[in-house]
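Quick look at what Swiss-Prot lists:
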type: ACT_SITE; residues: LYS33; note: active site, proton acceptor
type: ACT_SITE; residues: TYR253; note: active site, proton acceptor
type: BINDING; residues: ARG129, MET301; note: substrate binding site
type: MOD_RES; residues: LYS33; note: N6-(pyridoxal phosphate)lysine
Amino acid sequence: MRPAQALIDLDALRHNYRLARQLGGGKALAVVKADAYGHGAVRCAQALEPEADGFAVACIEEALELRQAGVRAPILLLEGFFEHDELALIAEHDLWTVVATPWQVRALAEFRSPRPLRVWLKLDSGMHRLGLSPEDFRAAWLHLRGLPQIDSLVLMTHLAQADELECSRTDEQAVAFALTCGGMRAETSLRNSPGLLGWPALRNDWSRPGLMLYGANPFPQPSELTAQLRPVMTVRSRIISVRDLPAGEPVGYGARFVAERPTRVGVVAMGYADGYPQFAPNGTPVLVDGKVCPLIGRVSMDMLTVDLTEHPHADVGTPVQLWGDAPQVSTLAAQCNVSAYQLLCGLKRVPRHYSTPAHA
């Protein structure tokens, strides 16, 4: 079997959820969209369900996957519904839905639900992606709150630049949210992962931790709080070939690396088809049997190459760690000019192995 694999530490996942809930000071929806950021939504939800207040996914397909796996906790559709007929499925499977556009407000008002629905009304407080304008938000609140098909409303918005700690935009969005929601008696939801880790003064009833659940730092620099996160995913493989090159010889496609000295080259079974960044630069750290070795040459579809010159005992079969506790996924992402989100979600071909039972 090909040695590339992703080890998922469900104890670390639970630890990170507890930290998020503690920082939020209220309830927390664990965001498990995009297959739990590449970690496996079903297994992650099953691991968290005994203590999670609920889950958040992007769409109804992701929610139904969890329901079919036996997850009974509340599930919120972050993008709401895309077609009118999805409302019947939302009611049937007892899902919560975001309402973020005028047409969704109209569709919900026209829907004769067999059971009252819990709705999260979304304000565009400055991100300008999804969300109602302040005027439409207030009108929707007045219209929906008295309808028999509505059980309760939660008021929410989404922070656009909370990962930029020197930016005033987060405070401006929080003020806009508070002003628009003034006088509305309902629970609120504002803070995402960077909001929880970087903006302690913000308060709401429901937080929505995503990236931090998986142990990744949303900020360029670590802090006392981000240091408490535990990486959930460790990506490993093995050396599958070793060769010695004389000075002046190139390595890989495009001869991007040329040996300046006699160089011992190790080939690792991990490539960009597995989710490793294709344009990782020469020198990107790779952990070979616990020792940092530099990446050399262009990353191929199925393989990458490392300089083993300073690691003479490494050989075929030696274990390799691409990210985990070291290098951390956020650090690797920054070095490769991509986001940690991309790396985690892009791990499609690598089999996952879970370190603890889902219901531990």
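Quick reminder: no glycine exception, Cβ is built from N, Cα and C everywhere.
According to DSSP, ARG129 (substrate binding site) is assigned to coil rather than to any helix or strand. Reported as a whole number, the C-alpha separation between ARG129 (substrate binding site) and LYS33 (active site, proton acceptor) equals 18 Å. Local packing around the Cβ, expressed as the count of other Cβ atoms within 10 angstroms, is greatest for LYS33 among the recorded positions LYS33, ARG129. In the three-state DSSP scheme, MET301 (substrate binding site) falls into the coil class. The C-beta environment of TYR253 (active site, proton acceptor), restricted to residues of the same chain at least 6 apart in sequence and closer than 8 Å, consists of GLY297, ARG298, SER300. Rounded to a whole number, the C-alpha distance linking MET301 (substrate binding site) with LYS33 (active site, proton acceptor) is 26 angstrom.
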